[in-house]
Amino acid sequence: MDSALSDPHNGSAEAGSPTNSTTRPPSTPEGIALAYGSLLLMALLPIFFGALRSVRCARGKNASDMPETITSRDAARFPIIASCTLLGLYLFFKIFSQEYINLLLSMYFFVLGILALSHTISPFMNKFFPATFPNRQYQLLFTQGSGENKEEIINYEFDTKDLVCLGLSSIVGVWYLLRKHWIANNLFGLAFSLNGVELLHLNNVSTGCILLGGLFIYDVFWVFGTNVMVTVAKSFEAPIKLVFPQDLLEKGLEANNFAMLGLGDVVIPGIFIALLLRFDISLKKNTHTYFYTSFAAYIFGLGLTIFIMHIFKHAQHFHMPGSAPVRVLVNRRGNELRCHTARM
């Protein structure tokens, strides 16, 4: 458990070496406060904007942007599926070479990250294209069978502007693949989070409660009952967490002592908060009481978790209404404090 989950994101070839882990200078109080505050801000942005985009997504008619609805049955199965996936990764890392597994995962998330980032920046980039921009429409269509038995497998519509966004996202993807830099990691992580909140829709509040309650038990068992979660988290190299260096003030962009927040602690409560925003809008009132209340509860819960972790310097679980359990792993070496908030 005394390991550096931040090493894969330091952007250097010496990541993960014992010397690199033990010789890091202690982080300053200002650097720690900046890291914590930045993680909190990065967690709030995809939830807020993803919730707003989920409203437009629910109203939209574009087949490529249709949301995936989570039913109560899906919510009940999710902790079981997540447990099987986690245990499978644990066995893979135990049996096969960690280097080759992470290479496959890097390529997988490289493709997913490019697509997610392209979808994220597309609405913003459209404002910068001039009116004279030659925009052409395209359609990617895969079918199965023929005649009356023909069935659509993929039907995706896009245009030239989307291709430009895809090209820009590919630059970030290559940067992440070659350097594993923490900024590239965060761009992918924010894109995954925003897309998750936007496109994953709970069908009602009870489904959200089932999902949050099941994941609470999932987290308690796999974190405190076994070493599976910690082992996989130490070995897993992918943009599934938001990171921010605690030594940014001392080392600048080459900083390598990170505080981390798992994307699960953003997306899972985020889809619940987005559901409440859509419910507020369905009431056709000017106030968004449920949305703002749950959003404030999430800020309070995550802030309190970070505070408790920092004061007691111990792994913490905190469960709040409208939020997923948050896990914070603390690694203490002398005066060096390194916090890790991660969910696989």
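In case you wondered, yes, glycine gets a Cβ from its N, Cα and C as well.
Keep in mind that this is a model prediction, so the values were computed, not measured.
Annotated features, as they stand in TrEMBL:
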| type | residues | note |
| --- | --- | --- |
| REGION | 1-27 | region 'Disordered' |
| TRANSMEM | 33-55 | transmembrane segment |
| TRANSMEM | 75-93 | transmembrane segment |
| TRANSMEM | 100-121 | transmembrane segment |
| TRANSMEM | 199-224 | transmembrane segment |
| TRANSMEM | 258-277 | transmembrane segment |
| TRANSMEM | 289-312 | transmembrane segment |
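For the transmembrane segment (75-93), the residues of the chain that approach it from at least six positions outside its boundaries are 101, 202, 207-208, 210-211, 214-215, 217-218, 221-222, 228-229, 231-232, 235-236, 344, judged by C-beta separation under 8 angstroms. Of the Cβ pairs linking the transmembrane segment (258-277) with the transmembrane segment (33-55) and spaced 6 or more residues apart, 3 or more are under 8 Å, so the two regions touch.
Within the chain carrying the transmembrane segment (100-121), a Cβ under 8 angstroms from the stretch's Cβ atoms is held by residues 92-93, 162, 165-166, 168-170, 172-173, 176-177, 187-188, 190-192, 194-195, 235-240, all 6 or more beyond its ends.
A Cβ distance under 8 Å defines the sequence-distant neighbours of the transmembrane segment (33-55), meaning residues of its chain 6+ beyond its ends; these are 27, 67, 123, 186, 189-190, 193-199, 201, 242, 244-246, 248-249, 258-261, 265-267, 269-270, 273-274, 277-278, 281, 291, 295, 298-299, 302-303, 306, 310, 339, 341.
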